[in-house]
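Lifted from TrEMBL, the feature list:
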TRANSMEM  B:42-64  transmembrane segment
TRANSMEM  B:85-105  transmembrane segment
TRANSMEM  B:142-162  transmembrane segment
TRANSMEM  B:168-190  transmembrane segment
TRANSMEM  B:202-223  transmembrane segment
TRANSMEM  B:243-266  transmembrane segment
TRANSMEM  B:387-412  transmembrane segment
TRANSMEM  B:433-455  transmembrane segment
TRANSMEM  B:461-481  transmembrane segment
TRANSMEM  B:512-532  transmembrane segment
TRANSMEM  B:538-558  transmembrane segment
Amino acid sequence: METTHRELLRASGLVAGYGGNDVCGPLDLVLEAGQALGIVGFNAAGKSTLLRTLVGYQEPVSGESVILGSFTDDSSFIYRKAVSVVFDEDAFFPSLSVEEHLQLIAGGHQIEEAQAAVEAELKFFDLTAARTSYPHRLSSGQRRRLLLAAALLRPSLLLVLDEPEQRLDPVMRAALGLRLRRLADAGTALLVITHDPEFLTMVADSVLLIVDGQVIPASVQDGAASIAHS
Amino acid sequence: MPTADALAALDNAPVDFDPWARNRVAEKLARRDDFWDRLGDFYITMLGAAIIFSYAAGLAFAFADQLRSASDGGLIRDGLGVVPGSSAASTLVMLGLLGGLSLIARLGPAAVDRAQGFWWLSLPVVRTGFLARLLRQRLVSTFAIGAFLWLPIGYGSVMAGISPGSALGVLLGAVTLGMLFVLLSLLAAFSQTRGRGSTFLAVLNWMSAAVLVAYLVDVLLRVGGSGTMEWFWFSLPSRLPVVAQAGAWWVPVALIVAALVGFAVLRGQLQRIPSAELISRGASSAHAGAALALLDDKALGSAIGAAGAAGAGDSKRVMLVLERNKQRGGDPFSRMLPASWVRGPFSALIRAELLVLLRTKKTWSGLLAGWSVPLAGVFAVQGASAVVLGILVIVGAILAARAASAAAAQAADVPALDSIIPLNRGAVRQTHALVAALLLVPWGICLAAFLGWAVHLEGTGFFLMLGLGALTGIGLAAGAVRMAFRPALDWGSVLLMSAVGKAAGPMIQHLLYGYDVMVLSVIGLLAAFVLVPVPPTLVLLAVLVAVVAWAAGTSTAVRSHAHRSQL
């Protein structure tokens, strides 16, 4: 298949950081369709900074990260169609219900049979009972599930998730891990930060380990062991 | 879920979808029940605006009346009060416009809130529609603020007879100032579309400095009798509301046409503003809005300051300076105050706070602004009025004290910083005040020297004036610390007190917390130039005031029921 070898992201000499100060890098990376890359490291190692820089949400200190061959940020429509991102921040419209948030995403991406897709996500993330609830009525775990539902509802070539397992119960964690693995098998590229060795093992097929500012390619087993030892 | 195969042929065309319209339908349904609540909010807002207008108009009238009577002569030595009121007012309004524009540029004007940033900006849709609507909302608010600001000024100046015009003229002036604010907002938005937000802010700072320099040149020209800068003041846009108030109806009309054309041109450019810029400005606006809602001017200042810093970026020059400092083992201030001087917790805290203050640009600009305001007043014709000059000295003192409170404010925001020093809370608070005094005492002496010279003090009187300046600096330092450690308002208590009609007092007390001690500290200095020659007993009184101010400013006790206890 053509897409399984399609290069989605290429980072060259990428150094991530703030205010001109290095946090981690340099990194040379090529991410292709169907590849699931885990990013692991201690707290404050720079995982989120690296992820934000990789997908163009933050200016690199040096080097570059190019998505879909020519894009460095989300200013193009094709980028927004192809890349789905959830960082560890939540924000909701106070007057929109759970279902209406998802309908917004379905409409904005012109998903065919939008309502059916919304129903499927509500069911998968166990939000059916809360479908008419407003965000302030949701628990923190439900809010997290709503964000993940929005990210998975829409089509994407590259799915970027910052600690998606956070605030999820073990059953939901396992279901999410399985679903992400299936997505990768179907050709979606994944970039996932995680602190859960089981989740990493379930989802990723390679790992970037961040240690003392160095970004080191590692096997999933080494990545999982690194998390376990931390 | 479509597979990657199905998405292989992605195009770069936008999806035809309007998230604004989608949200509006849902939000309308959700808000239908809140109609009466919203009507009540609107009524309260209007009532509040009317009360504020009444007070502001009264103050403007009284101030304008003072300005009119000041030209009869007064405190300042002959030949100094040379700049006419119209030029001074034009300078003041221009600085106000630049300040307003700086504020607008820091908070947007093109911005999205967090929810819009996450849910709307990620959609592959053309953003022009909803960004234009959001910008339009802000422009309307900006217009309303500008117009409302002019009403008391215009009304007061007409009532006091220092400016021609009628009720209709005041309205024309208000529309003009409102439209000027709109045009300036469009200019700021245009800088966002070009990714030049930080450059734009820097240009505004330079323009403010240029206006001050022009004022100084005007003073020198007039004192030397070699001409004036009148042409300059009359060419500034800040003159336009006055011109419109005098009956030039075409001024607001021209500004409205310019704004409509500007908006139409800008609309097509909105798509160019990066997501990060929109989200960052939106976050700053939310921070500032929350601070306003909580009546916290300290947090408001932090929000606006942080917004400027967020847009500043790291220029090559800054990076070079950082690298050079690294090679030299620190910046000039850390080399001036080496760590080897530290002998204990007191000196460690003093060194750390001094470093913070000296490295903070706002400290220097605040101290300078604190001098500039009374200086500019002395050289204006109306500066001869004791009331006018007194108000300007108080404003200048507050600006300087706020600038010197930067280190204490940082410590107040992060209580852990104080707790890592092995000193009790009272001693730490005294140290904060001492550090602020190290800057404000010399500042006060310099101001007193200038004022003493301006009111023709000589000999012992002049030296007594310098002493009063030093005592003012001590009191201001205490006021700065008091403001920095202003306790948070306990809204629960306020609501309980409001039920029995006793909330107004504590609320006013909260708003004045810190400023009360600052104003108290300046009283000695103000009395000195009214009572020329300075009576020696005034210095004794000023010592007493400084002691009281110091005790109030460095106290760690909270006696108000409206405040939560301090950390």
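Each Cβ is built from the backbone N, Cα and C atoms, and glycine gets one as well.
Since the structure is predicted, the reported quantities are computational estimates derived from the model, not experimental observations.
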May I ask for the residues of the chain that lie six or more residues beyond the transmembrane segment (B:512-532) and have a Cβ under 8 Å from a Cβ within it? 75, 386, 389-390, 393-394, 397-398, 401, 405, 444, 447-448, 451-452, 454-457, 461, 464-465, 468-469, 471-472, 474-476, 478-480, 482-484, 486-487, 538-539, 541-542, 545-546, 548-549, 552-553
Determine whether the transmembrane segment (B:243-266) and the transmembrane segment (B:85-105) share at least three Cβ pairs under 8 Å, counting only pairs 6 or more apart in sequence. no
Based on Cβ pairs under 8 Å, which of the stretches B:85-105, B:142-162, B:168-190, B:202-223, B:433-455 lies most in contact with the transmembrane segment (B:387-412)? B:433-455
Go through B:85-105, B:168-190, B:433-455 and flag the stretch with the largest number of C-beta pairs under 8 Å relative to the transmembrane segment (B:202-223). B:85-105
